[in-house]
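Annotated in TrEMBL:
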ACT_SITE  Asp169  active site, nucleophile
BINDING   15-18, Arg38, 72-75, 96-98, Arg104, 137-140  CoA binding site
BINDING   Gly248, Gly249, Gln250  substrate binding site
Amino acid sequence: MSKPLEGIKIIDFTHVQAGPACTQMLAWFGADVIKVERPGAGDVTRSQLRDIPGVDALYFTMLNSNKRSLTLDTKTADGKEILTKLIKESDVLVENFGPGALDRMGFTWEHIRELNPGMIVASVKGFSDGHHYEDLKVYENVAQCAGGAASTTGFDDGPPTVSAAALGDSNTGMHLAIGILTALRSRDVTGRGQKVAVSMQDSVLNLCRVKLRDQQRLDRVGYLEEYPQYPHGTFSDVVPRGGNAGGGGQPGWVLKCKGWENDPNAYIYFTIQGHAWAPICRAIGKEEWIDDPAYMTAQARQDKIFSIFGTIEEWLKDKTKFEAVDVLRKFDIPCSPVLSMKEIANDPSLRASGTITEVDHKERGKYLTVGSPIKFSDLKVEIKGSPLLGEHTDEILESLGYSQNQIAALHEQRVV
Ligand code: COA
């Protein structure tokens, strides 16, 4: 089966997580992604958090599958010549260097455009061009703090908290992938490439837009009724941390199940969807609440929402999180067990759909990774192992017209 992005050649100058997550996804969908890495060292994640001495770390293998690896010192004259040749025959260059690094390498946007007017240059930076922090280098948690996620996550009596989800890194990579595909579509029409830039701060903020909604509501009315601070607590003039409260109009909370004393994940997330009030009452054996004016409307429940959650926890006391969800699903109540990574790794449904998939790596053997979360009717995404450092250097140089002798000399001089 041919893949939709087959024929698109991508120079992948990305490292760590934000950029690699983007190019990995494009590789899954068929693009030829050539990961350019410094000879000898490569992407820093190859050696970060290693679990097997001398073998590429999972940090690398899980973000660089389906790619080819070319080692190249782009600060040497020969290295620049090779990169120039590659640029002339590629469609996209993706990078997430620190600010100005590509320019300092001698490959400004203007120069790349001269070499190949159809080229799309896609960049991740911590902050957008012209931002007063544009010179800053940025990692995941820095972006979560700059994009409004940290100030609005956690509990009211605790400090700003970052999420385990890679809102700054992989999320920015996904935004960049959308930008690249949009620019490719535009190039189909105009024949011209363009610069695509995504900042980590902006990408985090894009996912925190409901918190900007809340800031404006708070400015106007002085309180936020879906937050645990309402109606008994107090609000200041900034959006507070809402703990585990449901973000929209449906109150929710993480509730204890049987075994919570010893199992850190013996919980479910329970949502009180307005129109599901009667089924909830039936499910938890509180039929008398169905028509009780003190409980029957969302507004009436508001000031006793935590005592209602307490009653539900009483009901949950003798049920595991899985047993509880099996009951609640019959009543159409939006809920989920809080799943540990171990449970996710072994989840038969996730295995069957390919969202959790086992991959073979030349040196590591088999390991688990997260497959494509996007499912297509006409494309089966096949996840392959990540490349070893420089595994495809010679074949790429040959395809650029270098002879065996020239390639040997480039190795000798440590250009590749
Ligand atoms: N050959 C020669 N030099 C190379 C090279 C290659 N193949 N690949 C990279 N380099 C050089 C760069 O040109 C740069 O040199 P310079 O600073 O002398 O001009 C140097 O390596 C370091 O690059 P940099 O990206 O700044 O690395 P860093 O380790 O100092 O910073 C980050 C890492 C992630 C903080 C930084 O890259 C960054 O802020 N990136 C943008 C935001 C981002 O994506 N962050 C999230 C990562 S998950």
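Any Cβ shown, glycine's included, is placed from N, Cα and C.
Remember, TrEMBL labels are computer predictions, not curated facts.
For ligand 1, the nearby recorded positions are Arg104, Asp169; that is, of Arg104, Asp169, Gly248, Gly249, Gln250, these have a C-beta under 6 Å from one of its atoms. Nearest by CA distance to Asn96 (CoA binding site), out of the recorded positions Asp169, Gly249, Gln250, is Asp169. Other residues of the chain with a Cβ within 8 Å of the Cβ centroid of Gly248, Gly249, Gln250, the substrate site, are Glu226, Gly246, Gly247, Pro251, Gln273, Gly274. Taking the Cα of Ala18 (CoA binding site) as the reference point, the closest of the recorded positions Asp169, Gly248, Gly249, Gln250 is Asp169. In this view, Arg104 (CoA binding site) is surrounded by 12 other Cβ atoms within 10 Å of its Cβ, with every protein chain counted. Sorted by the number of other CB atoms within 10 A, the binding-site residues His15, Ala18, Gly249, Gln250 start with Gly249, the lowest. Using a 10 Å Cα-Cα cut-off from the residue listed as 'active site, nucleophile', the binding-site residues that qualify among His15, Asp73, Tyr139, Gly248, Gly249 are Tyr139. In this view, Tyr139 (CoA binding site) is surrounded by 14 other Cβ atoms within 10 Å of its Cβ, with every protein chain counted. Look at the recorded positions Asp73, Asp169 and count other Cβ atoms within 10 Å of each Cβ; Asp73 has the fewest.
Among the binding-site residues listed here, namely Gly248, Gly249, Gln250, Gly248 has its C-alpha nearest to that of Arg104 (CoA binding site).
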